[in-house]
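Per TrEMBL, the features are:
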DOMAIN    218-374  domain 'TrmE-type G'
BINDING   Asn228, Ser247, Ile249, Thr252  K(+) binding site
BINDING   228-233, 247-253, 272-275  GTP binding site
BINDING   Ser232, Thr253  Mg(2+) binding site
Amino acid sequence: MFNQDTICALATAQGIGAIGVIRVSGPETFPIVNRIFKGKNLEKQLSHTIHFGTIRDNQTIIDEVLVSLFKAPSSYTREDTIEISCHGSDFIIQKILKLILREGARLANPGEFTQRAFLNGQLDLAQAEAVADLIASDSEASHQTAINQIRGGFSKQIAQLREALIHFASLIELELDFGEEDVEFADRDDLRQLIFKIQKVLIPLIDSFEMGNVIKNGVPTVIAGKPNAGKSTLLNRLLNEEKAIVSDIAGTTRDVIEDELFIEGIRFRLIDTAGLRKTTDTIEAIGVERTLQQMDKASLIVYLFDASEIQLTEIAQQITEFNAPYILVGNKVDKLSADKKSAFDTTYPDILWISASENKNIDTLKDTLVRKVKTREIKSGDTVVTNLRHYQHLLQTNGALENVLEGLAQSVTGDFLAQDIRFALHHLGEITGQITTDDLLANIFSKFCIGK
Ligand SMILES: Nc1nc2c(ncn2[C@@H]2O[C@H](COP(=O)(O)OP(=O)(O)OP(=O)(O)O)[C@@H](O)[C@H]2O)c(=O)[nH]1
Ligand SMILES: [Mg+2]
């Protein structure tokens, strides 16, 4: 336990609410709150109990409150902590905070409660960062990844890998102690096997970063196709608003139009684009150029064609160069003859037939969008890396392990192996906070809101 100031802050949101919760944490918490609380003597009460009473400034009653008591180490920060639930008026909250400050506490810095939880060993760094993600999560999927991380799934895996590697590192260091003598305590084959095992965990984590990002920031989903295919109509239909201009003039949309849509808790960033064609119109040509850029960056492409116009042979020419997963969608099925449809279906059984203007099969399209994201093997409960800092350290770790493998292949001496293993250990340790610098901590916790 560190010797710390006693800190306080409003833990609930600023502004008027039914109640506000003020959190106080640190060694002087109980005496400080006891001096302004009238009811029971709080210093004599058990941990994890709640008490009714009043907060007073000398004889003046400020508010009737409930105080919840948590004694070290059984609290979020692992320090003595009291949470005062008062009425949610700015005036009352400010008044109570001032009293607490007057009695010797100081205002908490952003994230300081969580920082203490970390420093006192309640959370590791990856978990503490997940607390920030949890507070910020605004979709079901991002909530799920954050809560998994707080519960330690991610950290546990990393810590286990690190331990196994430390074992080898110490054997190799021991060899170095023997200097000239030709001894090998660390079996090279076992080491190679261990590295393969570690990479089996590491590489999916690295790969999950893309997915983690998608969950946090949305799936960039580009609606592309020839002019007049009905892309803007589809965008409007999905969003349920007249976001983009629709007309029967080919080349109506010339710029990128973007909006968000949540389907089953997943955030899709829908991007309507200029229809793809060769054009002499300068502005439209820039629009087409932008479409190509968007398709390049997309995680998912909805490729739309006008079913009433297109010939069977044209499809193959149009869908050749996508470098993202795509859904092939035939629009204007209302204008399509049964014969033509069945000819298409034989060659392209995956085509999804819709009518954007008549609202046909739009729900199936939504289901397909969700399925495309989910089949990337992300089940809830899986570990997903969402944090850039973690991702970078995972990459560095993997690079170092590759070097160890290469060193083993070339039968380099123990000191070179030891160096690469230490490097890998260092980066794994940075993820969970077993190795930290003050700058890093300050940077992470400054992103929290005050009171957390
Ligand atoms: N019959 C029928 N017409 C449709 C359907 N969807 C769109 N349209 C019509 O097709 C025309 C073109 O629609 P848009 O949504 O502007 O097409 P776009 O792909 O955005 O075209 P550009 O912006 O020029 O690339 C409009 O007249 C729409 O009303 C449909 O499902 N059935
Ligand atoms: Mg359009």
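Backbone N, Cα and C atoms are what each Cβ position is placed from, and that goes for glycine too.
Feature annotations (TrEMBL) mapped to structure.
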| residue | record | DSSP class |
| --- | --- | --- |
| Asn228 | K(+) binding site | coil |
| Ser247 | K(+) binding site | coil |
| Thr252 | K(+) binding site | coil |
| Ala274 | GTP binding site | coil |
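Sorting the binding-site residues Asn228, Ser232, Ser247 by the number of other Cβ atoms within 10 Å puts Ser232 first. Neighbouring residues of the recorded K(+) site, listed in sequence order and excluding Asn228, Ser247, Ile249, Thr252, comprise Pro227, Val246, Asp248, Ala250, Gly251, Thr253 (Cβ within 8 Å of the Cβ centroid). Neighbour density for Thr253 (GTP binding site): within 10 A of its CB lie 22 other CB atoms from the protein chains shown. A simple way to gauge crowding: the CB of Lys231 (GTP binding site) has 32 other CB atoms within 10 angstroms, across all the protein chains here. Ranking the binding-site residues Ile249, Ala250, Ala274 by how many other Cβ atoms lie within 10 angstroms of each Cβ puts Ile249 at the bottom. All chains included, 17 other C-beta atoms sit within 10 angstroms of the C-beta of Thr252 (K(+) binding site).
Within 10 Å of Ile249 (K(+) binding site), judged by CA to CA distance, lies none of the binding-site residues Lys231, Ser232, Ala274. Reported as a whole number, the C-alpha separation between Ser247 (K(+) binding site) and Lys231 (GTP binding site) equals 11 Å. Among the binding-site residues Ala250, Thr253, Ala274, the residue whose Cα lies closest in space to that of Asn228 (K(+) binding site) is Ala250. In this model, the domain 'TrmE-type G' (218-374) carries an average pLDDT of 91. Geometry remark: Thr252 (K(+) binding site) versus Ala274 (GTP binding site), CA distance 7 Å.
Checking the binding-site residues Asn228, Ser247, Ile249, Ala250, Ala274 for a CB within less than 6 Å of any atom of ligand 2 leaves no residue at all.
Here Ala274 (GTP binding site) is positioned 9 angstrom away from Ser232 (Mg(2+) binding site), judged by their C-alpha atoms.
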